[in-house]
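Chemist: Quick one: structure below, then a few questions.
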Amino acid sequence: MATNLLCLSNKLSSPTPTPSTRFPQSKNFITQKTSLANPKPWRVICATSSQFTQITEHNSRRSANYQPNLWNFEFLQSLENDLKVEKLEEKATKLEEEVRCMINRVDTQPLSLLELIDDVQRLGLTYKFEKDIIKALENIVLLDENKKNKSDLHATALSFRLLRQHGFEVSQDVFERFKDKEGGFSGELKGDVQGLLSLYEASYLGFEGENLLEEARTFSITHLKNNLKEGINTKVAEQVSHALELPYHQRLHRLEARWFLDKYEPKEPHHQLLLELAKLDFNMVQTLHQKELQDLSRWWTEMGLASKLDFVRDRLMEVYFWALGMAPDPQFGECRKAVTKMFGLVTIIDDVYDVYGTLDELQLFTDAVERWDVNAINTLPDYMKLCFLALYNTVNDTSYSILKEKGHNNLSYLTKSWRELCKAFLQEAKWSNNKIIPAFSKYLENASVSSSGVALLAPSYFSVCQQQEDISDHALRSLTDFHGLVRSSCVIFRLCNDLATSAAELERGETTNSIISYMHENDGTSEEQAREELRKLIDAEWKKMNRERVSDSTLLPKAFMEIAVNMARVSHCTYQYGDGLGRPDYATENRIKLLLIDPFPINQLMYV
């Protein structure tokens, strides 16, 4: 099978030549130095960039035939939410205090409190009540030591999941009591849909080697599917189907909150306050996100790369959606802006390496990034000059903003992430150009870097660390040496991408992705078998991340760990039904509308 796939790859490796574009020669570059009047790192502008026009090049170049941008500048600038924000903020503040009192009530039964915390979390309000939730969970742990009422599968599984999600060390052995004499899970649980669903969700918080949780997952999936076949309540069936498609732990939580807002039914009358707060908060945070998106669309349009280079993806909206997925909470605006800018450039430069550039040109560009010297532009072809200057200016500006706001000297870490990224891009280009299929382990080692994850996580780390003393050597080593939580998140990013994009890459003549490498190395393996092995690898990386999040030796800031985990989640989301970045489909468009365009329907007259 691998041989046949390689033959197919060779047939497709020389696509029909398509016209492409280049730019007329321009030598008018101006360098801005750091000074009291201009206190930024070296920044270079192109004095005549507005004079560049697209012209057809006679030399043949490949094209990925990306679909046009769905969201133009005028549309993004027209986004306007008519919320009466001041009035809504007043109401939200009052509701927030009432919900806080609900969480902190000492007479609430443990299960009711756990369900309330789960609702708060699923409705996207964790960031408002983080300290209250931790305190409540600590009290539940203490209570649990004295009251061994653990016969309820739903209560046990929900407690286990929430505790692990929030960094508590809790043993998988809490599920031993639900086993029968033969060592399997008791048959009496087969009809407990609520308990099975909670057990299923809890099983995705497992660590490597926790076989009991693997058994729990298999058992719960089997009997949840059986219950669906036999027929259960329509609303419950919808929840079960939704969970079986992708567990909550791996879902994009901001998007999940929007889904849950439509489904939530308060368990008690006073929980209506929680729903009301969640609706208001969703819309107010959406307004903030829209304003950020408009600012970034002006930056993107002014930079002009997507309009000048017709072979690249013009995907600002999708890139901002990714940044929002990594850092959704309102206080992380600077992080979202930095990630959007870095990822926007990643998509452009990735297309230069994957689609357009010759090997000689790509080597020159890689050398220029390695030097990080503006004079290196003299060695580059015109289209690469714009790419390099855009990268040089944006990274320097991002570094300057972080230095100004947080006092972190971070430029060397940001530039290192780009040096490593471009070298990984170049390696893939060499493999593809020479029709080499690397060993799977060698491919994955390089591909986890070429995922671009570190280029996104590096500015994220410095953006969320509030003070210079928050910077730890351990965290910096994770970024520079590429290990632990950072590596796992990047591997998941890459494998999710490969599962979705391998067919299109094969059509372009590329032979370097994980599916092809795995099939080539394991002769006789079918494509579906290779895909299943990649899914197992993704699951293994999730278990590593789960372990590190509760490890006493972890010195990474909690906010950064959540952002790294969120990068894995947004990878699942973006590539769940296909290539949501390269070829956005209806699902991608609908998700963007839910989070960034359409507010949740509320009656504002209630708050006037």
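Backbone N, Cα and C atoms are what each Cβ position is placed from, and that goes for glycine too.
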Chemist: According to Swiss-Prot, ASP350, ARG494, ASN497 bind dimethylallyl diphosphate; which of GLU292, GLU405, GLU428, GLU562 is also listed for that site?
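Modeler: Matched candidate out of GLU292, GLU405, GLU428, GLU562, per Swiss-Prot for dimethylallyl diphosphate with ASP350, ARG494, ASN497: GLU428.
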Chemist: Filter the binding-site residues ASP350, GLU428, ARG494, ASN497 down to the ones within 10 angstroms of GLU505 (Mg(2+) 3 binding site), Cα to Cα, kept in sequence order.
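Modeler: Checking each Cα against GLU505 (Mg(2+) 3 binding site), there are no hits.
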Chemist: Cα of ASP350 (Mg(2+) 1 binding site) to Cα of ASN497 (dimethylallyl diphosphate binding site): how many Å, rounded?
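Modeler: For ASP350 (Mg(2+) 1 binding site) versus ASN497 (dimethylallyl diphosphate binding site), the Cα atoms are 13 Å apart.
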Chemist: Which of the binding-site residues listed here (ARG494, ASN497, THR501) have a Cα atom within 10 Å of the Cα of ASP354 (Mg(2+) 1 binding site)?
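Modeler: Qualifying among ARG494, ASN497, THR501: none.
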Chemist: Mind giving me a neighbour count for THR501 (Mg(2+) 3 binding site)? Other Cβ atoms within 10 Å of its Cβ, every protein chain shown.
Modeler: 20
Chemist: Taking the motif 'DDXXD motif' (350-354) alone, what is its mean pLDDT?
Modeler: 95
Chemist: Compute the mean position of the Cβ atoms of ASP350, GLU428, ARG494, ASN497, which form the recorded dimethylallyl diphosphate site, and then list in sequence order the other residues of that chain whose Cβ is within 8 Å of it.
Modeler: ALA447, SER450, SER451, SER452, ASP498
Chemist: Measuring Cα to Cα, tell me the gap between ARG494 (dimethylallyl diphosphate binding site) and THR501 (Mg(2+) 3 binding site) in whole angstrom.
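Modeler: Pair distance, Cα basis, whole Å: 10 Å.
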Chemist: Taking the mean position of the Cβ atoms of ASN497, THR501, GLU505 as the Mg(2+) 3 site, which residues outside that list, in the same chain, have a Cβ no more than 8 Å away, listed in sequence order?
Modeler: ASP498, ALA500, SER502, ALA504, ASN513, ASP579, GLY582
